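Asker: Annotations for this protein, taken from Swiss-Prot, read as follows:
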{"type": "ACT_SITE", "residues": "LYS200", "note": "active site"}
{"type": "BINDING", "residues": "ASP43, GLY44, GLU45, ARG102, GLN103", "note": "ATP binding site"}
{"type": "BINDING", "residues": "HIS136", "note": "Mg(2+) 1 binding site"}
{"type": "BINDING", "residues": "ASP177", "note": "Mg(2+) 2 binding site"}
{"type": "BINDING", "residues": "ARG202, ASP226, ASP230, THR231, ALA232, GLY233, THR234", "note": "D-ribose 5-phosphate binding site"}
Amino acid sequence: MSKHYFDPRLKIFSLNSNRPLAEKIADAVGVELGKCSVTQFSDGEIQVNIEESIRGAHVYVIQSTSSPVNDNLMELLIMIDALKRASAKTINVVMPYYGYARQDRKARAREPITAKLVANMIEKAGATRMLTLDLHAVQIQGFFDIPVDHLMGAPLIADYFIEHGIQGDDVVVVSPDHGGVTRARKLAEFLKAPIAIIDKRRPKANVAEVMNIIGHVEGKTCVLIDDMIDTAGTISLAANALKEAGAKDVYASCTHPVLSGPALQRIEDSAIERLVVTDSIYLSDDRKIVKIDEVSVGELIGDAIKRIHENKPVSPLFETKNK
């Protein structure tokens with residue numbers, strides 16, 4: 001553990017989604033994880049017990065709403081309610097991965113905006129602040145009427161590539177779609193590299209998608225960047241398209257390794273040399289295939305918690321360590 005934190009009113013609790021990350025965060029802050037238990041009744045109902053006094057405390061609850069999404073979300077809501085009823089002074093939700101973020105707008109008639117519904121539930125339960133990481137849609141910050149601190153994984157991912165000598169003019173940072181251009185540009189700034197964009201088009205119905213590459217990638221080391229990888233279909237096809245276009249090597253990176261369904265097999269079979277991910281979502285050892293390298297956001301989030309508690313800006317955390 002780092003130096004013991006000076007203020008005993010700061011308390012950190014972990015629920016079940018990602019306890020290893022919570023332990024790293026608590027270690028970075030300099031506190032022990034708070035004592036609580038989460039159990040289920042035989043019918044599946046969730047019960048939370050806080051096993052120490054938190055009256056007047058500034059509480060931070062660590063919980064990603066990754067799979068099982070609904071169980072993890074319900075755990076969080078029940079915990080917030082318990083903290084409120086136990087007279088916590090502030091209830092700060094630390095959600096490294098915000099589930100339901102892809103449902104941020106009405107893409108078709110009569111669709112819900114579930115990302116907003118989740119925000120409403122968290123606020124109504126009693127949260128006073130949200131701390132999260134690389135939201136799928138940044139406008140989700142505006143779904144809350146409480147303060148939202150939005151951290152970026154790009155500096156940590158950039159540090160990984162810089163430490164492995166992957167930077168400069170021989171590198172091209174690639175966005176797998178139009179929506180990720182801003183994210184790719186940020187990583188490119190850190191790596192002092194140009195960017196390219198993959199433009200997916202379906203020429204006509206029942207014809208396979210064509211991947212047009214906007215930018216020069218021949219003979220270059222390409223670094224794909226996305227906020228999350230779910231089934232890995234897009235990222236694998238993008239990597240193969242870059243290789244076919246003459247790329248020397250292809251690396252991929254994301255903040256949130258959802259990696260559901262056929263994702264691991266697709267990554268294994270693809271042209272990707274290495275996939276760099278963070279530990280915002282817990283990956284069991286059997287899912288950490290050889291191609292996956294993991295960097296931790298524990299210190300980043302721990303530093304953010306200390307800055308928030310001490311009323312300091314979090315903007316210095318948006319830079320790489322290797323300047």
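From the backbone N, Cα and C atoms, a Cβ is placed for every residue, glycine too.
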Asker: Taking GLN103, THR231, THR234 as the binding-site residues to compare, which has the smallest set of other Cβ atoms within 10 Å?
Answerer: THR231
Asker: Using the alpha carbons only, what distance in Å do you get between ASP43 (ATP binding site) and the residue listed as 'Mg(2+) 2 binding site' once rounded?
Answerer: 43
Asker: Could you tell me which of these binding-site residues, GLY44, GLY233, has the fewest other Cβ atoms within 10 Å of its Cβ?
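Answerer: Taking GLY44, GLY233 as the binding-site residues, the minimal 10 Å Cβ count falls on GLY44.
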Asker: Among all the protein chains here, how many other CB atoms are within 10 A of the CB of ALA232 (D-ribose 5-phosphate binding site)?
Answerer: 27
Asker: Using a 10 Å cut-off, grab the number of neighbouring Cβ atoms around the Cβ of ARG102 (ATP binding site), all chains included.
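Answerer: If we count other Cβ atoms within 10 Å of ARG102 (ATP binding site), we arrive at 14.
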Asker: When neighbour density is defined as the number of other C-beta atoms within 10 angstroms of a residue's C-beta, which of the recorded positions HIS136, LYS200 has the lowest density?
Answerer: LYS200
Asker: Helix, strand or coil at GLY233 (D-ribose 5-phosphate binding site), per DSSP?
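Answerer: Reduced to three states, the DSSP call for GLY233 (D-ribose 5-phosphate binding site) is helix.
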Asker: If you pair up every Cα among ASP43, GLY44, GLU45, ARG102, GLN103, the residues annotated as binding ATP, what's the maximum separation in angstrom, rounded to an integer?
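Answerer: Farthest-apart Cα atoms in ASP43, GLY44, GLU45, ARG102, GLN103 are separated by 30 Å.
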Asker: Can you tell me the CA-to-CA distance separating GLY233 (D-ribose 5-phosphate binding site) and the residue listed as 'active site', as a whole number of Å?
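Answerer: Each residue's Cα considered, GLY233 (D-ribose 5-phosphate binding site) and the residue listed as 'active site' end up 13 Å apart.
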